[in-house]
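Here is what TrEMBL says about this protein:
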- HIS271: active site, proton acceptor (ACT_SITE)
- TYR45, ARG186, HIS271, ARG274: glyoxylate binding site (BINDING)
- 98-100, SER127, GLN149, THR177, LYS247, SER269, 302-306, 325-326: FMN binding site (BINDING)
- 19-401: domain 'FMN hydroxy acid dehydrogenase' (DOMAIN)
Amino acid sequence: MANRGKTLDKQVHCIKDLERLGSSKMPKAYRAQDCKNTDNGCSEYYNEGAMDLITLRENESAYNRYMIRPRVLRNLSTIDTSTTIVGCKVKFPFGFSPTAMQTLAHPDGEEGTSKACANFNTLMGLSNYATKNLEQVIAHSKGNPYVMQMSLLKNKAAMIQVIKRADAAGFKALFVTLDVPYLGRRLNEYRNNFGVPKGMEYPNLFPGVDVTNLEDGDESMAYDNSLEWPDIVPFIRQYTNMQIWGKGIYTAADAELAIKYGFDGIIISNHGGRQLDSVPASLDVLREIAPVAKGKIPIAVDGGIRRGTDIFKALALGADFCLAGRPAIWGLAVCLLSSFFSQFHQSHKVASLTDWFQYDGQKGVELALNLLYDEFKTCMALAGCKNVSEIQKEHVSLLLPDGRLLKL
């Protein structure tokens, strides 16, 4: 077609393309060992979920249950996708969730993700279990909203030093993980005998501690499962004035408790389907929480975002912004050469997107952001919204099993 818009990349046209290509580039140690290719549904460490993967799949499929209801003749000469996250203006209402051990996907790891988020003017969440120093990561931030994830551990000294370092480095908020009193059962880690490389450390949380043995780790690395609502914010507030967000809120009752006990924001999240299987999709839970929390506390929704239309639907149902973790991993991984480990020293010839990118993980993460942004902006325009505040519940309907649309 003569008027067809240009694609952002010749091979990768959407996040699903990025997932397929990025997954195929990952080292075999992080893919199912009995898998001949990544197109047959095999689960990798990054792509897996808990138990039977019910929630993992629901997180994505839930977005297909909501249909967009566009408006027309709305003067769309200017489309403003910007919004505010943790007090900072960002390009669009999306950021990357904290995702552990990113150097398993690409040597640049969290620094590649950081550079991409900074250039794109959006949020980055850094995991406690990152493989790069938090000071290194935020050095690239350019003042954008970077947040530090905080696990609730028995080792309070480890937590305190991370809080103080994150505060001093300029992080805007802490995302406190509330849904991991125990680690969920991820069967593919057993089936694939997953393990981290020898010598890997978590330099922010446990510098110098050997984390190679995941089953019999140091007791100081254990989660504190004795904590209750009154314990969290007062403890953290002793050491920082950063915003404190609760990650893992999953019922209206807990959203109300988060407001009561002084959290600055809530993140509706099921840990990417990696904790408790058979819980509802994050998007469906948003419909329960938004009526009691909207306007009282900022709401983010995490999990299953693969399209710009997904972001639009989540905002229409009451989210202030969206988070996802895996697209950053796929973006990093897509930048590895197919023959990176064995042949890079022999040739620098460019044959494909991944060859062109060579070492630079930042480029793949930027591609992920650009894909989501372009889709989101297009969706806004075609739905008749010239700015984010115009995205309302009237713009979506629930698709019922019998094919009827339910007005929300």
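From the backbone N, Cα and C atoms, a Cβ is placed for every residue, glycine too.
Note: TrEMBL annotation is automatic and uncurated.
Since we're looking at a predicted model, the values are computed, not measured.
TrEMBL feature annotations superimposed on the structure.
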| residue | record | Cβ neighbours (10 Å) |
| --- | --- | --- |
| TYR45 | glyoxylate binding site | 22 |
| PRO98 | FMN binding site | 23 |
| ALA100 | FMN binding site | 19 |
| GLN149 | FMN binding site | 24 |
| LYS247 | FMN binding site | 27 |
| HIS271 | active site, proton acceptor | 24 |
| ARG274 | glyoxylate binding site | 23 |
| ASP302 | FMN binding site | 27 |
| GLY304 | FMN binding site | 26 |
| ARG326 | FMN binding site | 24 |
Open item on the list: Can you tell me the CA-to-CA distance separating ARG326 (FMN binding site) and ARG274 (glyoxylate binding site), as a whole number of Å?
Closed with: 12
Task: Extra residues within 8 Å (Cβ to Cβ centroid of TYR45, ARG186, HIS271, ARG274), glyoxylate - done: GLU48, GLY49, ALA50, GLY184, GLU189, GLY272, GLY273, GLN275
TODO: Anything within 10 Å of ASP302 (FMN binding site)? Look among the recorded positions TYR45, ARG186, HIS271, ARG274, comparing CA atoms, and list what you find.
DONE: HIS271
- [ ] Please classify the secondary structure at ASP302 (FMN binding site) using three-state DSSP.
- [x] strand
Open item on the list: If I take the alpha carbons of LYS247 (FMN binding site) and ARG186 (glyoxylate binding site), what is the distance between them in whole Å?
Closed with: 20
Task: Reported mean pLDDT - the domain 'FMN hydroxy acid dehydrogenase' (19-401) - done: 88
- [ ] Work through the recorded positions one by one (TYR45, ARG186, HIS271) and name whichever has its CA nearest to the CA of ARG306 (FMN binding site).
- [x] HIS271
Task: C-alpha spacing of HIS271 (active site, proton acceptor) relative to GLY304 (FMN binding site), in angstrom - done: 11
- [ ] For TYR45 (glyoxylate binding site), identify the closest of the recorded positions PRO98, ALA100, GLN149, HIS271, judging by Cα separation.
- [x] ALA100
Task: Residue pair ARG274 (glyoxylate binding site), ALA100 (FMN binding site) - Cα distance, angstrom, rounded - done: 13
Task: Number of Cβ atoms other than its own within 10 Å, given for ARG306 (FMN binding site) - done: 21
Open item on the list: Long-range neighbours only, meaning 6 or more apart in sequence with Cβ under 8 Å: which ones does ARG186 (glyoxylate binding site) have?
Closed with: GLU48, GLY49, ALA50, MET51, ARG274
Open item on the list: Can you give me the Cα-Cα distance between ALA100 (FMN binding site) and HIS271 (active site, proton acceptor) in Å, rounded to a whole number?
Closed with: 12
